[in-house]
Structure formats: C-alpha cells, structure tokens
Amino acid sequence: MATKKAGSRLETEIERCRSECQWERIPELVKQLSAKLIANDDMAELLLGESKLEQYLKEHPLRQGASPRGPKPQLTEVRKHLTAALDRGNLKSEFLQESNLIMAKLNYVEGDYKEALNIYARVGLDDLPLTAVPPYRLRVIAEAYATKGLCLEKLPISSSTSNLHVDREQDVITCYEKAGDIALLYLQEIERVILSNIQNRSPKPGPAPHDQELGFFLETGLQRAHVLYFKNGNLTRGVGRFRELLRAVETRTTQNLRMTIARQLAEILLRGMCEQSYWNPLEDPPCQSPLDDPLRKGANTKTYTLTRRARVYSGENIFCPQENTEEALLLLLISESMANRDAVLSRIPEHKSDRLISLQSASVVYDLLTIALGRRGQYEMLSECLERAMKFAFEEFHLWYQFALSLMAAGKSARAVKVLKECIRLKPDDATIPLLAAKLCMGSLHWLEEAEKFAKTVVDVGEKTSEFKAKGYLALGLTYSLQATDASLRGMQEVLQRKALLAFQRAHSLSPTDHQAAFYLALQLAISRQIPEALGYVRQALQLQGDDANSLHLLALLLSAQKHYHDALNIIDMALSEYPENFILLFSKVKLQSLCRGPDEALLTCKHMLQIWKSCYNLTNPSDSGRGSSLLDRTIADRRQLNTITLPDFSDPETGSVHATSVAASRVEQALSEVASSLQSSAPKQGPLHPWMTLAQIWLHAAEVYIGIGKPAEATACTQEAANLFPMSHNVLYMRGQIAELRGSMDEARRWYEEALAISPTHVKSMQRLALILHQLGRYSLAEKILRDAVQVNSTAHEVWNGLGEVLQAQGNDAAATECFLTALELEASSPAVPFTIIPRVL
C-alpha cells in the first residue's frame, strides 16, 4: 500500500516537472520510479527520451530558418529511448501517442521532415483530445502542431498548381494557429496550477515557482501565423490574429510576447490602415478589404474549431476602440506600461545586453506614441509619456530630444529649454539644437540673455557650414534687436541696434538666398528709420519669397512711412488675398483705411474681422450680430484649430514682438482681469488666451476708429466689449482715458491713464496722453519727467518729442524745445501708419 502511495506521489511530481519543463529533475525521479514500480520501464524510456531531447534543445536552441542538425550522439541516445518505449508497446495509448509526438519532434530536429509528417498522420493529430488532460500534454500537442507547420513549410510541393500552393499555405497557417491557441491554453492552465499549488502549500517552505519559458516551438506557434498572413498579403487576417492573441487572458510567460504583438499591431494600424478600412475588434472582419492582396482570395474567418480554447477577457464594461488611432494608442499605452515595469536600468557590464534590449524596446514604443499622439495634437499627453521614458534616457540623445520637442509642442517652453541643454551636452556638434533653444528663449519666455548665449553657440558650431552660421547670426541679430526694444536707456538702445544690424548683415552675406536674412535686415533698418535702405532689402526678400506675409507687411509699412498710404493699402490687400485670416495684417489695414479711405471702410474691416474670428473659432450661431456679450455666451475655442491660424502674440496692439515689460504687464493684466471677472461674475473664457486677446484687440481698434470720428457712445460700447474679456488690460484703460478726453472729462481721463501706467509703466501712449493733461493743468515739471521717460522707452515716437517740445516751450526753454520739435518733424516724416515693431521678430 505504501509502495502504491509512493508511486502515486512520484507520478504526480513527474507530471508537475513535465508541465513546468523542469527537465533536469526528470532522470532522478525516473530512478526512484523504476526502483519502486518495476512495470514502469517503458514509461522511464519515454521520460528519459523526452528529458534528454529537451535538455539538448535547451543547450542548442533552434533558430527559424536554420539548417537541420542531423544525427548527433545526444540525439541518437534520445532515439534509442523513444524506440524502446514504442517497440515494446506496453504503454497506455495516451503515452504511446506522446512517444510518437516526441519522436516526430526528434525527426524534425534531425531534418527528417517527411517521417515527422508520417508520424503525425498515423497518430491522428487533429483527433487528440484537449479536455481532461494534464497541462504538459497540451504543451506536447501545441508543439506538435507547430512542428507540423514547420515541416510543411520545409517540404517542396510536388505539383506547381497554384491551388495546391494556396491549400498548402492555408494548411501551414492553420497548424500554426492551432499551435498558438493550444499554447495559450497550456500557459493559462500551468499558471493556474502553479498558483493553486502555492496557495495550498503548507507553511513549510517548498521549491520556488519555476519561470516558464516558451521555447522555440511554442514561440513559433504563437508568432508565425500572422507573419505568414502579412507575407501573403492578407492584412485583415493578420490583424485579426493579433487581436485574438491579445484578447487571451495574460500569463507571466506571455507578457513579453504581448508587448511585442501590441507594438507590432499598433505600427500596422498607424502605418498601414486608414480610418475607412478599419473595423473594431468586436466586429466581424470585412469579406473584402482594400488592405488585402486582390489576387489572393480566401475567407477572413477561422477554418477550424477546437474542443477547448484559451480564456479571453470579457465583461460588460470592457473598452472597445472605434478607430485605428484610438486602438493604436491603447495598445501603445499598454506596451509602455509593460516596458516601464520590466525596464533594465542597471549600468553594470553584465546587464549591458539586457539594458540595450530594454532601451530599444521602449524607444520603439515611444516613437510610435509620438506618431499616434502627434496625429491628434495631444502634445501634453505625449510630453507626460516621454517624461516617464526618462528612466531609460541616461546618455540617450534620441529620448532627450523627443522629450524636448514634445515639451515645445505642448507649450512648456521653460522645461523644453532645460531639456535642450542636456541635448546640447550629448550632441555638441549639432547646430539645430541650440538654434531651437534660442527660438524658444526669444519667444514667449523672453529670456534674451539665454537666447544670446544659444545664438553664439550656433555661430561657433556652424563654423563648418555657412548655412548654420548664417542662422546663428540671424538668431543673434534678433536677440540684439529685442534687447534694444527692451533697453530703458536711449544710448544702450542705439548700441544694441547697431549690433543687431551688423549681425543681420553678416547673416545676409553668408546666406544671400535666405529670404529671412534679407527680411530681418530690412526690418532692423526700418526700426532704425533708414527707410530707403530697408526698401531695397525688403524687395530682395520678396524676390526670394514672393508670398511671405511678413515681407509684404513690412513693404506696406515702409510705403506708409513715405506717406504712400494708397500703395501701402494695396500691398496689404494683396497679402490678405493669400492670408485672409492674418489678424496682424488686418489691424494694419484698419489704420491705413482710417488714414486714406475714411472711418466707414475701417469699421467695415473691423466687422469683417469679427466674422473671421467667429468662423475661426466655431460660433454655434454664425448669423449672430457680433455684439460682444453674445459672442462670449456662444464661443467655443477649438484647440486644434488654434494652431493653424495666424494670431498676434502680444498684449499691446502697437507691438508684435514680446517685450520684457509687456510680458510682465500681460501677467499682471491677466491676474487682475481674472479677479475682476470673478467679482463681476462675467462669463469664463474657454481655451487658450490668444483668441480672446485677438477679439479684445478687434474691439479696441473699432473703438479707436469711433474716437477718431468723435463718437464717444459707440467707442464706449466697443471698449466695454474688450473690458468684458480683459477688464484690467492697460489697453482697455488707455482707451477709456481717450473716451473721457473726447467727452472733455480731463480728471477722469487722467485717472484712467494713471491706472493703465500702474499696470504697464512703459506704455508710451498712456505716458504721452497723461503728460498732455498735466501740461494743460500747468504741472510742467511732472509732465516733462513723464515725457523724458517715454523718450527713453521709445526714442522714435514723434508725438512724445512734440509733447516734450511743448512742455519745454511752456517752461521758457526755447532752445531745447526747438530741438525737440525738429526731432519730432524728422521722425514724423519717416513714421509708418503702424509701428514697425508690430511685425513679429521670431526665428
């Protein structure tokens, strides 16, 4: 009785070791079994043959497409064991079947494919049961199907008939699909058994659970079917097979395989499938698909059934993607979480190979995520994903650079610059990286000292190529030009303007065919009021790029500086025919129309701008009259559309480039406006600020036109619309001061100008109007102080010089007053309708 119990325990242990592929333990267990049960000699031969074959394959792994091994001493020994077990015929039928399947596997390893197929035919592989069998037998059957598929692929077809070729291909794929399905079932079963054993184990510690390995045959069964589908041009079935594998309940052994398959399917969905040819995972595949090779016809559904299948994920609340990008994104986010979980980060030499594989796998996932999220404009999410990739990014330029670009696209400029610094360290010879950093610094960040350093780096790196050196000088010129605009001392402004001019001249000489170099040289000359020279260079820029909006705009402003207002307006109209939604051009058009065609046309343009603004940002009621309150109630700013529209990036309508003072002022305005809005319970602004700033500017331009024709009521209504958006904007407060002046209420006007200057202390127009009121009140010293400060801020404002002359004259300083009047006359003669600085200075 004790012997029977011992035998039963041994048999259970042997079955467990076979299921868990612990082949090194089998010989010792067989010895114990033979000593206790003499009748098990044939079983011992089977077990020894199987364990020695598996040990050989572990030591000499097979590779797809490798040549056959032929007879080897170890394999000869395997054959002896299996032949002995089969020849005596004492085994039960199921063990005889196992012996035959293992013998067929041995024949494949030795290259005897025909004999292997003969054995499968004799055994009746398709009739072997899958229910009520131990897990190891599922593995044996799965490997048998995979081996049969491999043998069929290796053997040539006797006839050249195309139908036979198609039938053979389908037989091969069916073998692999069955192998894969049964392999998944086996892996689920063995994991269930292992977990059950762990839970039922007594407190006494036992052997640690053995990590399963797929091995060559199971891996082939799981991966070969979809490869053949794609090779044969049947993308529909290939995608279907991927989905079947991914829907199966995951096991520890299939985790890496699932990550690979998820990544491959995502790549196919992104690169090889459009929205029209997509079908979701719960739908039946289309009978005919443009994805498939039209010359190869076949069913897009399974041609076989199995008596038992692997468990799949199911339930009421499972998410099902509805389009290809959505499914790809889901797959990639799953892959990313798996890549992060299994990351190999150790820097010790022994782990180098594993670390490189881990990095390569993660990099592919993040590259595909960049494609998927980039298509949808989800740069915020992309930057968050790539931030998680930083654990892999030590000394890896590609991931750092991708992260920097995603931060740029997401509008996180400050962080992007810091990441770009690391990219420069990793790749110091690449001039494009400091050029990008300079672009960010001179943009919304307005870090001009940093921008100057990056621009000088570009110049130094670009010594080998004149193209990058020219770009470096262009960036340097823009930095100096912006610094000159910021400078509070007139002498410093002139020094920086000269440096900017020299840098632009150097850029133009290095790259005479670059329209940007010619354009910015012309713009800098215009800012310095060298109008004839500027005209020459802007014409060069237009010869190089005839449809450049900024060059056309500059030409129009230069013509207006020469008082050719009609010609300037014609140029603006020409530019607007190419760029009808460019608001900066439209603002200039309003000013020019006021000067040469009268206020009616200018007001029509303002109305037209409101209509464009509505159409750009999806008004739900396009027939709306355009009143500001109703605009606020019904406007929806679509983030995707904002990137395709030209919007002014400024808070002051007189300047298109960002200034240090205007950056600070706009932040103060925004904070105060939010407080004021909350107190007034006005409608909240949806989406980014730029569209709302543009809308406010439209209303302010309309108000300015009404002030010009002496209509304070209409001007007040327009200003109120802007105030609904930004109650504490210095431009709104300035316009209220203008309206108060028009009504003759000087004390009120003075209060508005003082409030505007409290928010933006360098707003020249408010300074000039406040000084004029102080002059009228007889406060000459304070008026002079304010006007001298205004001259320091903007030395080309002729109205300020004229006001300063009047104040000095009133104080009896006629000589200084005369000099101021002459300066004002000289500047007015070259003054454009709109300041040249309205044109953005960006890379």
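For all residues, glycine too, the Cβ spot is worked out from N, Cα and C.
Annotation comment: Swiss-Prot describes 97-131 as repeat 'TPR 1'. Swiss-Prot lists SER160, SER202, SER625, SER629, SER630, SER673, SER677, SER678, SER681 with the feature phosphoserine. The repeat 'TPR 2' feature in Swiss-Prot is assigned to 219-252. Residues annotated as repeat 'TPR 3' in Swiss-Prot: 363-396. Annotation source Swiss-Prot lists repeat 'TPR 4' at 397-430. Taken from Swiss-Prot, the feature repeat 'TPR 5' covers 479-514. Sequence annotations record features per position, and here Swiss-Prot assigns repeat 'TPR 6' to 516-548. Residues or ranges marked as repeat 'TPR 7' in Swiss-Prot: 549-582. What Swiss-Prot lists as repeat 'TPR 8' is 696-729. The repeat 'TPR 9' annotation in Swiss-Prot covers 730-763. Taken from Swiss-Prot, the feature repeat 'TPR 10' applies to 765-797. Per Swiss-Prot, the feature repeat 'TPR 11' maps to 798-831.
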For the repeat 'TPR 5' (479-514), which partner among 397-430, 549-582, 765-797 gives the most CB pairs under 8 Å? 765-797
Taking a Cβ cut-off under 8 Å, which residues six or more beyond the ends of the repeat 'TPR 6' (516-548) line up next to it in the same chain? 470, 474, 477-478, 481, 484, 497, 500-501, 504-505, 507-508, 510, 554-555, 557-558, 561-562, 578, 796, 827, 830, 832, 836-837, 839, 841
Residue counts in helix (H, G, I), strand (E, B) and coil for the repeat 'TPR 3' (363-396), per DSSP? 27 helix, 0 strand, 7 coil
Residues in the repeat 'TPR 4' (397-430) grouped by DSSP into helix, strand and remaining coil: 27 helix, 0 strand, 7 coil
What are the helix, strand and coil residue counts for the repeat 'TPR 6' (516-548) according to DSSP? 26 helix, 0 strand, 7 coil
DSSP helix/strand/coil residue counts for the repeat 'TPR 11' (798-831): 29 helix, 0 strand, 5 coil
What is the pLDDT of the repeat 'TPR 4' (397-430) when averaged and given as a whole number? 93
For the repeat 'TPR 10' (765-797), sequence-distant contacts whose Cβ falls under 8 Å of one of its Cβ atoms, 6 or more beyond its ends: 488-490, 493, 527, 529, 654, 730, 733-734, 737-738, 741, 746, 749-750, 753-754, 756-757, 803-804, 806-808, 810-811, 827, 831
DSSP-assigned states of the repeat 'TPR 9' (730-763) in counts, ordered helix, strand, coil: 27 helix, 0 strand, 7 coil
What counts of helix, strand and coil residues does DSSP assign across the repeat 'TPR 8' (696-729)? 27 helix, 0 strand, 7 coil
